[in-house]
Amino acid sequence: NLIQFGNMIQCANKGSRPTRHYMDYGCYCGWGGSGTPVDELDRCCKVHDDCYGEAEKKGCYPKLTLYSWDCTGNVPICSPKAECKDFVCACDAEAAKCFAKATYNDANWNIDTKTRCK
């Protein structure tokens, strides 16, 4: 679920920005998403959005699905349980790891999505 996803982001990005800084970033980080991602971090969010879309096609509710996971050495690791839980956990874990590798550009936070996300 979204709270667990936030915790995974903190796991993979120890000592970095608060999770809320990722909620209104670029064209895809946060609610909705459209256009071309503005950078690598925004591409991570688009891939995550697409993964949630695939989960929904499988009949899962990714924003609400609770799953089991651990943070080991700044790496989120999913604990296998059931199909939806595993799929959603993998979406979140991969996105959190992607965030850890991507550069955060302050200029892409809280952008005008109407003009920049076409």
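Each residue, glycine too, has its Cβ placed from N, Cα and C.
Take the Ca(2+) site that Swiss-Prot assigns to Tyr28, Gly30, Gly32: the candidate from Asp39, Asp49 listed for it is Asp49. Disulfide annotation in Swiss-Prot: Cys78 is bonded to Cys89, selected among Cys60, Cys89, Cys91. Matching Swiss-Prot disulfide entries to the candidates Cys11, Cys27 identifies the partner of Cys117 as Cys27. Take the candidates Cys60, Cys71, Cys98; Swiss-Prot pairs Cys84 in a disulfide bond with Cys60. Taking a C-beta cut-off of under 8 Å and a sequence gap of six or more, Cys117 (disulfide bond) has these contacts in its own chain: Gly26, Cys27, Gly33, Ser34, Gly35, Thr36, Val38, Ile111. Distances between the Cα of Gly30 (Ca(2+) binding site) and those of the recorded positions Cys11, Cys84, Asp92 are shortest for Asp92. Straight-line distance linking the Cα atoms of Cys11 (disulfide bond) and Cys29 (disulfide bond), rounded to a whole number, equals 18 Å. Under the three-state DSSP scheme, Cys44 (disulfide bond) falls in the helix class.
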